[in-house]
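Have a look at the structure below, then the notes.
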Amino acid sequence: MLYYLLQYINDVFDPPGFGVVEYITFRASAAAITSLLITIFVGPRLIAYLKRKYIEPIKEEAPPEHRKKKELPTMGGTLIIFSILVSGLLWSRFNDPYVWLILLAILWMGTIGFIDDYRKVVLKIKGGLAARYKLIGQVSLGLVVGLYTWYDPAFSVLQSQTTVPFFKNLTINYGIFYIPLVVFIITAVSNAVNLTDGLDGLASGVSGIVVFALGGFAYLTGNTVYADYLNINYISGAGEVAILSMAIAMSCVGFLWFNSHPAEIIMGDTGSLALGSAIAVIALLIKQELLLPVLAGTFLLETLSVSLQVAWFKFTRWRFGEGRRIFLMAPLHHHFQLKGWAEEKIVIRFWIITLLFFLTSLMTLKLR
């Protein structure tokens, strides 16, 4: 909205300096600042409200150190979603379908997460929303995104081919596997972020780094000069994804204002599922989905720790008559908690690991 207002003022009155509104970098910075300020200033009011009604109990199976923490208000993801929506709509172009697809994903999975949180903290239903209904929501979103991008001519480049990290001239044409791939990535990434959301500031910090990186890739993808130089797919309109990505990244940073240890609020499934779906859809739209195992490596490690733990436990119970574990507890961050690591140290180290994954993903632009 502000974009169109400033554009109108520039076209009609031509005041000096207003032409910067046409620059992606300016609007991305403005969206980032707007999102950060909204989160910081709205946060205290939302926390005060949620404390009265939406307190999530500590899980019985949590590590001993985790059970010592006071019960916190959940559904903090509503703050993240609100700041993204406002800043995104203020600074993005409404005629760009990329923007609407990302916002749809955030609202879609945010709603499913909200229902899950509501059932847990208000209706006192242990486990919240049944896993099968979450899966139905994730698969449905994947089908909507996949089918829309497959049949809409504006997205014709999306399903045709994608570049492969570390290989200069290697491309993949997904063909009929494109839609199943979209469903898988959206489901996998949203679940991965949800699994990672277990310590103060962990999921929000890691998500912020990953989305910031994707915003940089989106900017390069939407610029013909950079895309040609770096030998990546040029996608017209991907620059708008960079703007929304900066809004998402800074909403995570703003949320850390209240979610860093000791947390005043947690994002709940409302936030983790919304952020996970946003990461997945952004990567798919800018054709960097094959880079996700590197860029989002922290989420991958957390997910693998759970998968390996469950698989090994079932195998050893079948083979030896008793279940055995690889980790003290899964996901991985709880393993380190039980090893005696301080919560703050675990979170900071996971952030550092995520930054290393980020830098490695940048290297793939030239290591081909």
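Backbone N, Cα and C atoms are what each Cβ position is placed from, and that goes for glycine too.
Here is what Swiss-Prot records for this protein:
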- 30-50: transmembrane segment (TRANSMEM)
- 72-92: transmembrane segment (TRANSMEM)
- 98-118: transmembrane segment (TRANSMEM)
- 135-155: transmembrane segment (TRANSMEM)
- 170-190: transmembrane segment (TRANSMEM)
- 201-221: transmembrane segment (TRANSMEM)
- 238-258: transmembrane segment (TRANSMEM)
- 265-285: transmembrane segment (TRANSMEM)
- 290-310: transmembrane segment (TRANSMEM)
- 345-365: transmembrane segment (TRANSMEM)
- [ ] Report, as numbers and ranges, every residue of the chain located at least six residues beyond the transmembrane segment (135-155) whose Cβ falls under 8 Å of a Cβ in that stretch; write 'none' if there are none.
- [x] 97, 101, 104-105, 108-109, 112, 178-187, 190-191, 237, 277, 281, 284-285
Task: Tertiary contacts of the transmembrane segment (290-310) (same chain, 6+ residues out, Cβ under 8 Å) - done: 162-165, 172, 185, 188-189, 191-193, 195-196, 206, 210, 213-214, 217, 276, 279-280, 283, 325-327, 330-333, 335, 350, 353-354, 357-358, 360-361, 364
TODO: Using a Cβ cut-off of under 8 Å, list the residues of the same chain at least 6 residues beyond the transmembrane segment (170-190) that approach it.
DONE: 105, 109, 135, 138-139, 141-143, 145-147, 149-150, 158-164, 272-273, 276-277, 279-281, 283-284, 289-290, 292, 296, 299, 303
Open item on the list: Check for me, if you would, whether the transmembrane segment (30-50) reaches the transmembrane segment (238-258) - at least 3 Cβ pairs under 8 Å, residues 6 or more apart in sequence.
Closed with: yes
Open item on the list: I'm a bit unsure how to read this: which one of 72-92, 98-118, 201-221, 265-285, 345-365 has the highest number of Cβ pairs shorter than 8 Å with the transmembrane segment (238-258)?
Closed with: 201-221
Open item on the list: How about the transmembrane segment (345-365) with the transmembrane segment (201-221) - do they touch, taking at least 3 C-beta pairs under 8 Å (6 or more apart in sequence) as contact?
Closed with: yes
Task: Positions on the same chain near the transmembrane segment (72-92), where near means CB under 8 A and six or more residues out - done: 1-3, 27-28, 30-32, 34-36, 38-39, 42-43, 46-47, 50-51, 54-56, 99, 103, 106-107, 110, 113-114, 117-118, 120-121, 204, 240, 243-244, 247-248, 250-252, 254-255, 258-259, 263-275, 278
Task: Folded-back contacts onto the transmembrane segment (98-118), same chain, C-beta under 8 angstroms, at least six residues removed - done: 54, 56, 74-75, 77-78, 81, 84-85, 88, 92, 128-129, 133-134, 137-138, 140-141, 144-145, 148-149, 186, 190, 237-238, 240-241, 243-244, 248, 268-278, 280-282, 285
